[in-house]
Amino acid sequence: MTKGHTINRRNFLRTGTAVGGIALAAPTLLRASSYPERNINVVIPTREGGGADRNFRAFTSIWKEKLGTDFEPGFFPGASGRVGYEIYMGKNEPDAYNLIFGNMGPEVLNWAMQEPSFDINDYLYFGRVDTDPGALFVGAESPLQTLDDVIAEGKKRRLNVGTSRMAHPASIGLLSLGEATGADFNLIPLSGGKNTVAGAVTGEVDFSVLTSGSVIAAGDSVKTLLVFGENRVGGALDNAPSINDAFDLDLPEMLSSRAFGIHKKAVDDYPDRFDVLTSTFKETFEDDRLLTAYVEGRGTPEYLNYGGIEECAEFKAAMLELGARFKPLLTGA
Amino acid sequence: MGETGTILVEVFFQTISYWWVIIPTIFLGLIVGGVPGFSAANTIIILMPLTLAMDLETGLIFMVSLYCAARMGAGIPAILVNIPGTAGAAATPLDGYPMTKQGRGQQALAMTFVASSLGGLLTTVIALATMPILARVGFYMHSVEMIVVMLFGISLIASIAAQDMVKGLIAGFLGLMIGSIGTDVVYATPRATFGFLELYDGIPLIPALVGLFAVSEAFVIIEKRLIITDDARKAMATPSWHATFEGASIALKRWWHIAWTSVIGLIIGVIPGAGASIASFVAYQQSRSFSKTPEAYGTGHPEGLIAPESANNGVTSGTLVPLLVLGIPGGATAAIMLVVMQFHGVSFGPSLFENNPKVGYGMFMAMAVSYLFMMFTILPLSRYMSRVTTVPTIYLAPMIISFTLVGAFVPREYMFDMYLALAFGVLGYVARRTGYHVAAILIGVILGPLLERYFLWSLKKSDGDIMVLFSSTLGNVLWVCLVLSIVLPIWFEMRRKRREIVTQ
């Protein structure tokens, strides 16, 4: 037996201290290797207090329990969402502690109109929260009270149509309607949902197109005539037909769709962290409390709709394709 | 007494019983309004969890009181230290600050409290009585008409430039150029952003505001020992009730002026998308145009202070009208109120007064009661608030710069905005030192983007036909009014001078 292995008072104390130290430090060491160790920052490319904010708060109120950490939103509105994405891609570390919560429909369409400074494949959406189809609506006092009125009038003269922004799925829905019927529409970007509803109600424009959740929130002051997708809420959208049913078309749904995105580099460098994010995101959807939180945040329950990496990628590709197809009409080029 | 009358009386007494909410909220609102960067809208957002936890009546009264008090609070630093708390108070220092420099700060504060309270109270009563008619204003005021309204405000640049037309117009033109920075409203194409992402959404208003007014003012006052003269300081050092009552009396004697300028605020407030900054500039311009002493404006003239303050408080009741009657919020604060009320299950719009009349009338009543409380709780404070101006500038200037830079940072939380405020501060300082009017630059920065937005919408609607500007009857009437409001004062002035020559 060597001297080193002799159990004496000094060795006993030394070993005891080391073991005790390791025991005390163990939770810290374990935490260091676990994810997440700190709050997750989320870039939201719209204003505080809007639909994305409410949706984000509702969803993360449940997700934070599954993930075991809190979410800290940062709001970076401007230039149709472009500012938020540029800041996320340019200034935030790709370490899975920084996410973006965007509206895939209008925001991805933007890239088709004007290329961003980053490669659009350098980020991916991995968790879709909802899908909300665009809708065509008139003010309660509008002379155009039916879809037939709209089409007939649109064949006589060019109708001015309010939209939140040019590159919006609802705008593409409207242009598709024009192509299908021969009616002539002139898109007027009224800068935001509130102005778009006001434009239709006050007669600034002949009618408007917008994400249907915002149309439902406008209540009695508007009347919905057409949905650019499936009408899953019936009477809340005045039982308006879908564009495919009404005109025997086969168009994809023109959706606004909020989803969480992440740097591609973060996915490549930290696959374990990404797994935690995607698995807890899915678990959140399986929690019954999510629906309650979503409805309390003024969400339409029928629109709460899980989507993973594949569904999001498919949607992103479809939006880019639609954007490229309608680019001349949406940019005036 | 009809059913509506009974409801109104019931709601009035119920609202008064919430004094314990209203009075603290008024003081919170004064602070929030007075600090640039904070506003009723972002305070309600910050306190949203608290607001949602309140019961419906408390939440409603809290939000309305905060909104009204913040509007009034924005005028206090505008008068005392030339720092408008919000863009809605940007016209207030034009005459308010010269009064302070003359040692009449206490009087000016009393005047603005009375004008704001009376303006707010009066327009609340008018809005309550004429809601269905007022709600129609938005149906007639479209982008073409709004272009003319904007031009009413922008023509104030010419009024300000009256003393030195070339410098005034250069300042205004510079403001319009700065205001055009950002992405265009139609195709979101960036213009003059120099690659700064922070400028894609246009020049942020608060950094421009605090830079041009507050930071540049701090640079100017740093060269002096006190903001006010020694004589004025001696007068301010012993504040008296007399000055307060005198200020209140000056305002009360101009009750008609308060009435019509607050109605301008009410009408502009009703138009979705328009707001307090437009209302205050238009009211100031109109007040000056129809004044018998237009040359006194800008020198500490009471009417030049009363007009913008009455108007921007008239806006508060105006923004509630389209919200309650049509479900369309007239401004940012009204939009946040909509979210909170909808959380409580209240749906705004045509059916509100049938389904939930107490909420509909309650919002106006909360506004009226808040203004009543404000008049009696704030007025006595004017004698203490005005003593800010007796603080030596070695303390005051650093405080102004640090507070306002924080204020510039708060709305967007960009460090960039603090640098921008400093840059605007330097621009403002150079402008002041070389005789250019910073207010003319600011009018361009605030109203320029709005004018451009309505102009581009009109052109887009007409496929580029410029004649669209003269395509509406109301628009044409407004054009005539605009021309008259510019030409008539000049004509009256020329006639007066001719008569003087003849008399001599």
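Cβ from N, Cα, C; glycine included.
Annotated features in TrEMBL:
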- B:18-48: transmembrane segment (TRANSMEM)
- B:24-442: domain 'DUF112' (DOMAIN)
- B:108-131: transmembrane segment (TRANSMEM)
- B:143-162: transmembrane segment (TRANSMEM)
- B:168-187: transmembrane segment (TRANSMEM)
- B:199-222: transmembrane segment (TRANSMEM)
- B:258-284: transmembrane segment (TRANSMEM)
- B:320-341: transmembrane segment (TRANSMEM)
- B:361-381: transmembrane segment (TRANSMEM)
- B:393-410: transmembrane segment (TRANSMEM)
- B:416-431: transmembrane segment (TRANSMEM)
- B:438-456: transmembrane segment (TRANSMEM)
- B:468-492: transmembrane segment (TRANSMEM)
Note: vs the transmembrane segment (B:108-131), the recorded stretch with the largest number of Cβ pairs under 8 Å from B:18-48, B:361-381, B:438-456 is B:361-381
Under 8 Å, at least 3 Cβ pairs, sequence separation 6 or more: does that hold for the transmembrane segment (B:143-162) versus the transmembrane segment (B:416-431)? no
So what's near the transmembrane segment (B:468-492) in sequence-distant terms, Cβ-Cβ under 8 Å and 6+ beyond its ends? 140-142, 144-145, 147-149, 151-152, 155, 158, 285-286, 288-290, 294, 458-459, 461-462
Quick one: average pLDDT across the domain 'DUF112' (B:24-442), no decimals. 85
